[in-house]
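Residues or ranges marked as domain 'ABC transmembrane type-1' in TrEMBL: A:26-222. The feature transmembrane segment is assigned by TrEMBL to A:30-54, A:61-85, A:97-118, A:139-165, A:171-194, A:201-225.
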Amino acid sequence: MDGFSGAVSAAFGLLAALDPELTGIVGLSLAVSLGATVTACALGMPLGALLAVARFPGRGLLAAMISALMGLPPVVAGLAVYLMLSASGPLGPLGLLYTPTAMVIAQTLLVLPIVAALTRETVAALHDEYDELLRSMNAGRMFALGTLLVDARFALTTAALAGFGRALAEVGAVMIVGGNIAHATRVMTTAIALETSKGELALALALGAVLVALSALIHGAVALLRNRAEGPAHA
Amino acid sequence: MSRLTLAAALVALVALPAAAAERFVLVQSTTSTANSGLYDAILPQFEAATGIQARVVAVGTGQALKNARNCDGDLLVVHARAAEETFVAEGHGLARHALMHNDFVIVGPADDPAGAAGTPDAAAALTAIARAAAPFASRGDESGTHAKERALWTAAGIDAAAASGTWYRETGSGMGATLNLAVGMDAYALTDRATWVAFANKAGHRIVAEGDPALFNPYGVIRVNPERCPNVRAAEAEALEAWLLSPAGQDAIAAYRRDGQQLFHPDAAD
């Protein structure tokens, strides 16, 4: 493909030169997807742990529903959030449509099931292992939950990263609730879609390369932190 | 929660409110005006003159009108005359003002297998395409271009929708995506001239029919009715509409060129 390598070096050149347009788009992508991942972890990890440990009627059904929602199409999540936030929707008066906050909400919907389902599996396995010990210590339910979550922290980073990956990669939800507004709600994936629709295929692909490189950088950094924290004992 | 996610949360908290502070107007717009680069060329002039930021959601005329019906927008820039007048007549919009025009063109593969290029008008070109059962990529998305295309088929006396899935291919996508597809599958397509001229992935495709008065493409600007939608930014919408229709706005539209071609011709009577 002619012009592709040129477009890639131009895209990375803009990034290296801290071109305000591109860095703004990249920054918003990271802020929105990280915001969604953090929110989803704050809600999804306790939920997943609870599903792993607690016994209550409908637990199996709830767990199955959450697993099923891992396949929720982003465009459906976007539509649902659009209908809620639209000026004629129930949350319209908040005026959140076409703002980064709306994008965080939509992506949280996408990330939450992944984080909750993976947390449930991890914690369930640990719970089987430590149940007797925790009982012998007479540990309360909250203490037990907290202990299990802390012990599972490395596996949970993977859950968070999987969720972050989904958020960073999706285009359907942020396109609908963000509107791809220049300098306001344009992120990497919607910018790629826009360049594609202008027929600027090489530039679109180059932006994709930037996105993948950033994602690799983040995963690498997390792996590094994890290796250091885990130490040789666990290796 | 790790230190990294905590840092991320802080970044998000700092970054998000920053985008919401200034005065702005939300424009629901057809895609051609955005994809052709017109807004990038003229809106900074409006922003410099008024200090109001113009935020454009470019979605296609059908969806733009729908979003505005839901009160999710302050101003419309669209190109489907009949739908625009219905929108105003139903009380959703204040009034439709003629903003500018250009024309539609039919594009197709360089070798023109249907022989559409030699025909006298749009109806004849479409008839040639249908007779040859040559692939035709339709927007299929209720956009302004899609509405025009259906009107052209009807005028040619051809039921193209009946051939859906065979030579008539409804993409359900925007103009650029449809052009990418047309180029990829050697199909014909109807497009506004602005998007076509600015389109960077033409490959061997070229214009096979143009200049028919039936291909006229007028754009209108409509303010969303603040009585029906109390949340609209009425003053900002009025400012942008007034600027677009003013000599300054009309001159900016006329001055916008791609490859030496003027893409939009101002229409506001002064």
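Indices start at 1 and increase along the chain as displayed.
Note: Cβ is positioned from N, Cα and C throughout, glycine not excepted.
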Fill in the blank from the handout: Checking A:30-54, A:139-165, A:171-194 against the transmembrane segment (A:97-118) for Cβ pairs under 8 Å, the most are found for A:30-54
Completion exercise
Given A:30-54, A:61-85, A:139-165, A:171-194, the one sharing the most C-beta pairs under 8 Å with the transmembrane segment (A:201-225) is A:171-194
Problem - Best-contacting stretch, by C-beta pairs under 8 Å, relative to the transmembrane segment (A:171-194) and drawn from A:30-54, A:61-85, A:139-165 - result: A:61-85
Fill in the blank from the handout: Contact set of the transmembrane segment (A:30-54) with the rest of its chain, CB cutoff 8 A exclusive, min separation 6+ beyond the ends, reads 62-63, 66, 100, 103-108, 110-124, 127, 141, 144-145, 148-149, 156, 159-160, 163-164, 167-168, 174, 187, 214
Handout entry: Cβ-Cβ under 8 Å with the transmembrane segment (A:139-165): same-chain residues at least 6 beyond its ends
Key = 33-34, 36-37, 40-41, 44-46, 49-50, 52-54, 111-112, 114-115, 118-119, 122-123, 126-127, 130, 215, 218-219, 222, 226, 229-230, 234
